[in-house]
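Asker: According to TrEMBL, the record shows the following:
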ACT_SITE  Asp108  active site, proton acceptor
BINDING   Asn9, Val10, Gly11, Asn12, Ser13, Arg14, Val15, Ala16, Thr131  ATP binding site
BINDING   Gly106, Ile107, Asp108, Arg109, Thr186  substrate binding site
BINDING   Asp128  K(+) binding site
Amino acid sequence: MEINLVVVNVGNSRVAIGSFVAGELTGDVERIAVVRREEWAQAVERAWQRISGRENAAIVAAGVNPDVQSALSDVVSERIDRRVVWVGKDLDLPIKVLTDEPEKTGIDRILNVAAAYEQTEMETVVVDAGTAITLSACNDAGEFLGGAIAPGVRMQLDALHERTAALPLITTEEFKAPDEPYGQNTKQAMLHGVYHGIRGMVKEIVEAYATQMGKWPEVVATGGDAQALFSGWEIVTGITPDLTLYGIAKAYADHHIKHDSE
Ligand SMILES: Nc1ncnc2c1ncn2[C@@H]1O[C@H](COP(=O)(O)OP(=O)(O)OP(=O)(O)O)[C@@H](O)[C@H]1O
Ligand SMILES: CC(C)(CO)[C@@H](O)C(=O)NCCC(=O)O
Ligand SMILES: [K+]
């Protein structure tokens, strides 16, 4: 079956939109703030125009943000006269999820692990540095084990500024590895706290999971802050920008392989 899809990940801060044409993620992925509804609606329409004439064209989405997800469903039915195919609701999850309540585990985390495991085929930890920073682990059979949830970069920087009198706002563009050994001014000191704090957390948690697993896992990073945080770091095996979108496409392909022959 040829895969022609618009894939949409509805996050907490941004909507990510990509197109798979003949099975390949083609063209730029657009990331637009969830509040800019008209802009992301137009991006979905543009993405649809790339694939609409093709075999089995569909719009497949996943999300962790119910209000924006229902806005996406409305936009797609009004402007494209299609129904969004939702992973988890209309499509089976692509991996087995061993958490206490799988339906409450973030679908982005599940899809990240599914997409990463497809490449690694071994114990894997995905670090998603988005609005929240999540770690999500699977065993060597690709089963989702659980993980960790912590505040993301933007959230940490905003909280430091908003809840103090003296701390400045650091913009996303300013966020990078600190270049002073001790943080000799306020902004450098904040970068030391947030940048090294997150890397230290990731290292500590990966070490704990490696001990549990009895083996060092592959560590794959994704999300808006992955490059700034992890570029060139030996703990992270690779940075894959659009992991969740690959997970959405995989869920669609797996579901059809399983059900079309029935
Ligand atoms: N151009 C940008 N606009 C917004 N955030 C950006 C940008 N570039 C980098 N970031 C960083 O990306 C992070 C948000 O990540 P991302 O966009 O992956 O999250 P998201 O879309 O809200 O997804 P999720 O809710 O799934 O984490 C913020 O902490 C911010 O620092
Ligand atoms: C943790 C976030 C916000 C990360 O996007 C998302 O995966 C989510 O809302 N998860 C639900 C809670 C859980 O994963 O256990
Ligand atoms: K994300």
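Note: Cβ is positioned from N, Cα and C throughout, glycine not excepted.
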Asker: Of the recorded positions Asn9, Asp108, Arg109, which ones put their CB under 6 Å from ligand 2?
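Answerer: Going through Asn9, Asp108, Arg109 in sequence order, those close to ligand 2 turn out to be Asp108, Arg109.
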Asker: Any of the binding-site residues Val15, Ile107, Thr131 with a C-beta atom under 6 A from ligand 1? Give them in order, or none.
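Answerer: Near the molecule: Thr131.
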Asker: In Å, rounded, how far does the Cα of the residue listed as 'K(+) binding site' sit from the Cα of Arg109 (substrate binding site)?
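Answerer: The Cα atom of the residue listed as 'K(+) binding site' is 8 Å away from the Cα atom of Arg109 (substrate binding site).
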Asker: Identify which of the following binding-site residues, namely Val15, Gly106, Ile107, Arg109, Asp128, Thr186, place a Cβ less than 6 Å away from any atom of ligand 3, and list them by sequence position.
Answerer: Asp128
Asker: Report the residues of the chain - excluding Asn9, Val10, Gly11, Asn12, Ser13, Arg14, Val15, Ala16, Thr131 - with C-beta within 8 Å of the mean position of the site's C-beta atoms, for the recorded ATP site, in sequence order.
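Answerer: Result: Arg31, Val34, Gly63, Val64, Asn65, Val68, Gly130.
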Asker: Using a 10 Å cut-off, grab the number of neighbouring Cβ atoms around the Cβ of Val15 (ATP binding site), all chains included.
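Answerer: Looking across every protein chain shown, the total is 28.
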Asker: Report, as a single number, how many Cβ atoms besides its own are within 10 Å of the Cβ of the residue listed as 'active site, proton acceptor'.
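Answerer: For the residue listed as 'active site, proton acceptor', the 10 Å Cβ neighbour count is 30.
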Asker: Do me a favour and check the Cα-Cα span between Gly11 (ATP binding site) and Gly106 (substrate binding site); whole Å is fine.
Answerer: 10
Asker: Using C-alpha atoms only, work out the spacing between Gly106 (substrate binding site) and Val15 (ATP binding site) and round it to an integer in Å.
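Answerer: About 15 Å separates the two Cα atoms.
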Asker: Using a 10 Å cut-off on CB atoms, tell me which of the binding-site residues Asn9, Ser13 is the least crowded.
Answerer: Ser13
Asker: In whole Å, how far is Thr131 (ATP binding site) from Thr186 (substrate binding site) when you measure between their Cα atoms?
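Answerer: That comes out at 23 Å between the alpha carbons.
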Asker: Tell me the coarse DSSP state (helix, strand, coil) of Gly11 (ATP binding site).
Answerer: coil
Asker: Among the binding-site residues Ser13, Val15, Thr131, whose Cα is within 10 A of the Cα of the residue listed as 'active site, proton acceptor'?
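Answerer: Final answer: none.
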